[in-house]
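The structure appears below as structure tokens.
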Amino acid sequence: MSLSPVIFSIGPVSIYWYSLAYVLGIVFAYWYLHKLDNQKIFTKNFYDSLLTAVIIGIILGGRLGYVLIYDPVLYISNPIEILKTWEGGMSFHGGAIGVLLAVIISCRRHNIPIFYTLDLISCGVPIGLLLGRIGNFINGELFGRVTTMPWGMVFPESGDNLLRHPSQLYEAFFEGALLFVVVNSLFYLNKMRLYYGATTGVAVMLYGVARFMVEFFREPDYQIGYLWFNLTMGQLLSIPMILLGMLIYLGALNFRFNTKSIQ
């Protein structure tokens, strides 16, 4: 399977599918945040501040997370490569930390409840993940392990001619589409939004579970390989996410979110 990562080029400037995926994900999350904030707690100044901070958090956190966790040697020897975000190489875990810091800073500055904001953001984030994984698929990166299944694909970046799981599409479905449906269904149908931080906890926990399971079909990063107990780096990073999500959810059950006194 070989798809061009470039949508089109105008002179020396190229527009990449991967970059477009990030832009569309952020635009959707921004629009969806407006839609979910039916109490109009957020002001225009807060939206603008949050959007700017989140974009910076995603780019810096995602890129630095990938550089420090997955391939520090390469980027130390070729630091200019750190700037080439359009070629892929973004860490969800690093990006999540960047977004968290962005939300905390923006909420503190505008006196907006942090977990209320995180809950609403958690409802829209899976669509960004879905689009990002499709971008990975188009780039032909983060491919799966060798398989004999009829839907196996050959990825030129693997350096061989073997059929592999299209694990990027598995992640797009489980970490993106399915997570979006489940989290939003719980948010609306089970009144989870009445419990401060519950949606955030569930989203973090379910993402960790989905990522841990899909990693069994994804080829480990060549520079890292398998680690403790034959697990991948992605799986090891997902374990604390699952535990953290559970703690946030259980903690939220003890502090019911009163929508009439949200401040």
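Even glycines carry a Cβ here, placed using N, Cα and C.
As written in Swiss-Prot, here are the features:
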- 6-26: transmembrane segment (TRANSMEM)
- 50-70: transmembrane segment (TRANSMEM)
- 85-105: transmembrane segment (TRANSMEM)
- 112-132: transmembrane segment (TRANSMEM)
- 169-189: transmembrane segment (TRANSMEM)
- 197-217: transmembrane segment (TRANSMEM)
- 233-253: transmembrane segment (TRANSMEM)
Margin query: So if I exclude everything within five residues of the ends of the transmembrane segment (50-70), which remaining residues of that chain have a CB under 8 angstroms from its CBs? That is, six or more out.
Written below: 22, 26, 29-30, 33, 42, 82, 85, 89-103, 105-106, 117, 221, 223-224, 233, 237
Notebook entry, point to check: Among 6-26, 112-132, 169-189, 197-217, which stretch has the highest count of C-beta pairs below 8 Å with the transmembrane segment (233-253)?
Noted result: 197-217
Next item on the list: Would you confirm whether the transmembrane segment (197-217) and the transmembrane segment (112-132) meet the contact rule of 3 or more C-beta pairs below 8 angstroms, pairs 6 or more apart in sequence?
Entry: yes
Margin query: Six or more residues beyond either end and a Cβ under 8 Å away: which residues meet both conditions relative to the transmembrane segment (112-132)?
Written below: 18, 21-22, 24-26, 28-29, 32-33, 36-37, 41-42, 46, 50, 90, 92, 99-100, 103-104, 106, 171-173, 175-177, 179-180, 183-184, 187, 193, 196-200, 202-204, 207, 252, 257, 262-263
